[in-house]
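What TrEMBL annotates here:
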type	residues	note
DOMAIN	34-341	domain 'G-protein coupled receptors family 1 profile'
TRANSMEM	25-43	transmembrane segment
TRANSMEM	55-74	transmembrane segment
TRANSMEM	86-114	transmembrane segment
TRANSMEM	135-158	transmembrane segment
TRANSMEM	178-204	transmembrane segment
TRANSMEM	289-307	transmembrane segment
TRANSMEM	319-344	transmembrane segment
Amino acid sequence: MYESISNRSVRIPENLTNFLNYLDASQRVFSLITHLMYFILVIRYKKLRYKSYIFINHFMLANFLYCAIYLFFIKSEMPGFSTSRINHFVCLSASFCWAVFKFLRYYSILLVSIHRFIAVYHISLFKRINKSNFFMVYSIALVWLISTVIAFFSRFVFQTSYGTNNCFDGYSETFSKSLYYYMVTVILGMAAPTFSVIVIYILIYKRLRYMSSKFFRKKTRSSRKKNVEESESVVTNRDYPSSNCTILKNFEPLTKSDTQTNGSYSQKNSSRTTFRTCKRTQTKFANQFLAINFFLIIGFVALSVASVRNLLSDFNAGWYHWIQIFRIINIFTTSLIPLITLFYPSSVLKSVLK
């Protein structure tokens with residue numbers, strides 16, 4: 001009887017390990033498929049290739065590269081892969097590229113939030129930026145440079161070695177180097193851009209509330225003025241009712257024909273956006289990027305906990321299943337990002353499919 005109980009206790013961890021490995025591999029493939037679907041729609045529909053989408057498309061490219069290099073994880077986890085001389089250069093290149101793409105995701109969404117911030121606070125600067133390629137090219141090159149520098153320091157300066165079963169995770173020679181590696185990758189590589197995005201979107205929502213209150217005050221003053229003019233017109237032209245006129249004044253437009261609407265730029269010269277339209281549009285995109293950042297935070301926390309195994313060797317052996325679960329959560333949140341971008345808010349996809 002005791003032997004059967006012990007066999008069951010051994011069989012349960014084995015079944016759990018196999019299930020987590022299958023779920024891990026399926027999530028990596030699913031994440032790659034969702035990003036491929038996004039880029040197929042980008043190629044298919046011109047509106048998704050407008051300049052207003054360049055930064056979000058670059059963010060999706062960073063996620064796609066991150067998911068693609070993650071598929072290499074499956075091959076590298078085979079026993080003895082990282083110890084083979086033939087695969088030494090492959091492991092070195094893959095580990096460095098994986099680190100670059102990992103940090104590039106977070107700095108790319110920071111770039112998107114800065115672009116949104118400029119659109120809400122400085123509309124004239126926003127229009128000049130979208131008419132010129134200078135800001136877009138150099139800002140994208142800057143986030144690539146930052147991600148590469150952080151990856152270089154974390155991989156070569158702190159001299160992390162290969163892990164026992166894969167090319168991606170390893171340990172430094174001393175505990176202090178491992179601690180510095182963890183702090184640089186987690187705090188500077190992921191936490192700093194993530195919480196910067198949160199601060200920026202707090203400022204964006206504050207500005208949107210100000211725009212809404214300003215529009216309400218302007219509308220109230222205009223309606224009062226309209227009522228006064230109507231009453232004066234009725235008193236003055238009592239003998240000639242046909243001459244009574246209602247004076248309707250349009251609200252002052254915030255932007256003109258090239259104002260962003262549903263993520264794209266209107267091509268009609270006569271189109272104008274009022275405070276209400278601009279506030280509604282910017283609120284939709286603020287909610288969208290806030291949802292994206294929410295899942296990035298979940299992935300950041302999961303990846304940070306899983307990265308503790310680079311700091312504590314005992315953590316990798318005793319908490320293997322939990323590390324696997326946190327890694328699956330990180331991959332799953334990554335796969336949801338293109339779906340959120342396309343379907344939330346729904347007006348984005350509707351405007352594309354028109």
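Cβ from N, Cα, C; glycine included.
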Hey, would you say the transmembrane segment (25-43) packs against the transmembrane segment (319-344), going by three or more CB pairs under 8 A that are 6+ residues apart?
yes
Most CB pairs under 8 Å with the transmembrane segment (319-344): which of 55-74, 86-114, 135-158, 178-204?
55-74
Between 0 and 100, where does the mean pLDDT of the domain 'G-protein coupled receptors family 1 profile' (34-341) sit?
72
